[in-house]
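> Can you keep this structure in mind? I'll have questions shortly.
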Ligand SMILES: Cc1cc2nc3c(=O)[nH]c(=O)nc-3n(C[C@H](O)[C@H](O)[C@H](O)COP(=O)(O)O)c2cc1C
Ligand SMILES: O=C(O)C(=O)c1ccccc1
C-alpha cells in the first residue's frame with residue numbers, strides 16, 4: 001500500500017465512505033468490547049499495566065465520568081452536508097484533531113509493538129507521537145511511516161547529553177514537534193503493577209531509544225550488548241529528572257528549533273508559566289489517571305486552562321477519550337486536538353496494526369457523525385455554547 005498517497009485529504013473515515021467494520025464477527029466496534037478482548041489476550045501483568053491507574057483509580061474513573069457530565073445540545077437545519085474536521089497546528093494541516101498518544105513499551109502488548117501503531121496511524125493520517133520509552137528506536141519507527149506526520153515525546157533524562165541527543169535524533173528523523181512529558185519523573189503508586197511485580201522497563205522493555213543512543217552508550221563501561229543488565233540499571237537511574245524547574249526549559253529551546261509542547265499541565269498557573277517561558281503548546285493531561293490519584297480530571301482542568309491561555313498557544317488534551325462525542329466535547333471546551341491512549345492499545349492487543357487502524361477509524365467516523373448530527377459543520381466553529389453541564 002502506498003502510504004504517501006493515503007493521508008492528507010485522501011484519508012477516508014466517514015462512515016458512508018468506508019463502513020467501520022466489514023466483518024462484524026471479526027473485530028469489535030464498541031470500546032468496552034475491545035477492552036474485554038484485550039483482557040482475554042494479555043496476561044495479568046501487561047493487561048493491568050495498560051488498563052490500570054494510580055492508587056484507587058479515582059482520577060482514572062473521573063476522566064471518564066466528567067465527559068458524561070457535559071451534554072451536547074444539537075442544532076438543526078444548519079447544512080452539515082460537507083464537514084471539515086481538519087486542523088492546523090504549527091503550520092501543518094492534519095486530517096482530524098486526533099493523535100495517537102505517546103505510549104511506551106508496546107512490545108508487551110503485541111510483538112509488532114510501536115511499528116504496528118505507527119503504520120496504522122500513518123495510514124489514517126493521524127499523527128503518531130513516539131514515546132521516549134518505545135521498544136523500537138525513533139528512527140525505526142520513522143522508517144515505517146514514510147512521510148506521514150509524527151511528533152516525538154521526550155522523557156527528560158538526567159543526563160543532559162542524552163536529552164540533547166534525543167532532540168537532535170528526533171529532528172533528523174522527521175519528527176515535527178517535541179512533546180515534553182512533565183508528570184512522570186518517576187512512576188506513581190500503581191497497585192496492580194506492585195502486586196503483579198510488573199514493571200516492563202525493569203525487565204528491559206522500552207529501551208529502544210536508549211540502547212541505540214551514542215550519548216547514552218558513552219556513559220556505559222561496557223556496551224549494552226555485552227552487559228544488558230548494567231545498561232538497564234543505568235537507564236533506571238537516569239530515566240527521570242525530578243530536579244527540573246521552569247528555568248531549565250531554556251535548555252530544550254537551545255537544542256531544538258521544533259515546536260515544544262508541555263504534556264501533563266493541569267493547573268492554570270502552570271499554563272501561565274508555560275506561556276511566560278515561551279513554549280509553543282500545552283497538553284492538558286493527567287497521564288490517563290496513571291500518576292496522581294485524586295488529581296483533577298483532564299476535562300475539568302481543560303476549560304480552566306483555556307481561560308488563562310486565551311488562544312495564545314494551542315491547548316491539546318488527553319485522558320479519557322473513548323468515543324466521538326468525547327472528541328467533540330473536548331474541542332467545544334477549548335482543545336485544538338485530543339490524544340488517544342488506551343483505546344489504541346486495546347486495538348493493538350486484539351489485532352495488531354489492523355486493530356489500531358480500526359480503532360482510529362471508528363473514532364474518527366463517530367466524531368464526524370456526532371458533528372453532523374449536532375449541527376456542527378466545522379471544528380473551528382465549536383465552542384462552549386454547544387454544551388451544557390449537568391451536575
Ligand atoms: C501503557 C501506557 C504507557 C504510556 N506510556 C507513556 C509514555 O511513554 N509517555 C507519555 O508521555 N505518556 C505515556 N502514557 C500516557 C498517554 O500518553 C496518555 O496520556 C494517556 O494514555 C491518555 O489517557 P487514556 O489512556 O485515557 O486515553 C502511557 C499510557 C499507557 C496506558
Ligand atoms: O507507564 C507509563 O505511564 C509511562 O509513561 C511509561 C514510562 C516509562 C516507561 C514506559 C512507560
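Please read every residue number as a count from 1 along the shown chain.
Just so it is clear, glycine is given a Cβ too, placed from its N, Cα and C backbone atoms.
So TrEMBL has the following annotated:
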DOMAIN    23-391  domain 'FMN hydroxy acid dehydrogenase'
BINDING   49, 155, 190, 263, 287, 290  glyoxylate binding site
BINDING   102, 103, 104, 131, 153, 181, 285, 318, 319, 320, 321, 322, 341, 342  FMN binding site
ACT_SITE  287  active site, proton acceptor
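Quick one: where do these features end up spatially?
Under 8 Å, Cβ to Cβ, and six or more positions away along its own chain, residue 49 (glyoxylate binding site) finds 105, 108, 192, 193, 196, 198, 200.
The Cβ of residue 285 (FMN binding site) has 183, 263, 264, 265, 266, 298, 317, 318, 319, 339 as same-chain neighbours under 8 Å, each 6 or more residues away in sequence. According to its DSSP assignment, residue 285 (FMN binding site) is coil.
Of all Cβ atoms in the protein chains displayed, 25 besides its own lie within 10 Å of the Cβ of residue 287 (glyoxylate binding site).
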> From the binding-site residues listed here (102, 190, 319, 341), select those whose CB sits under 6 A from an atom of ligand 1.
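Those binding-site residues that pass the cut-off, since their Cβ is under 6 Å from ligand 1, are 102, 319, 341.
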> Helix, strand or coil: which one is residue 49 (glyoxylate binding site) in, per DSSP?
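Reduced to three states, the DSSP call for residue 49 (glyoxylate binding site) is helix.
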> Minimum Cβ neighbour count within 10 Å among the binding-site residues 104, 341: which residue?
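Fewest other Cβ atoms within 10 Å, among the binding-site residues 104, 341, is found for 341.
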> For ligand 2, pick out the binding-site residues 49, 190, 285, 321 that have a CB under 6 angstroms away from one of its atoms.
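If the test is a Cβ under 6 Å from any atom of ligand 2, the answer is none.
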> Let me make sure I understand the span of the glyoxylate site: among 49, 155, 190, 263, 287, 290, what is the greatest distance between any two Cα atoms, in Å?
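Maximum Cα-Cα distance: 20 Å.
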> Which residues does residue 102 (FMN binding site) neighbour through Cβ under 8 Å, counting only same-chain ones at least six apart?
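Within the chain, residue 102 (FMN binding site) has Cβ neighbours under 8 Å at 129, 130, 131, 132, 153, 179, 181, 263, 339.
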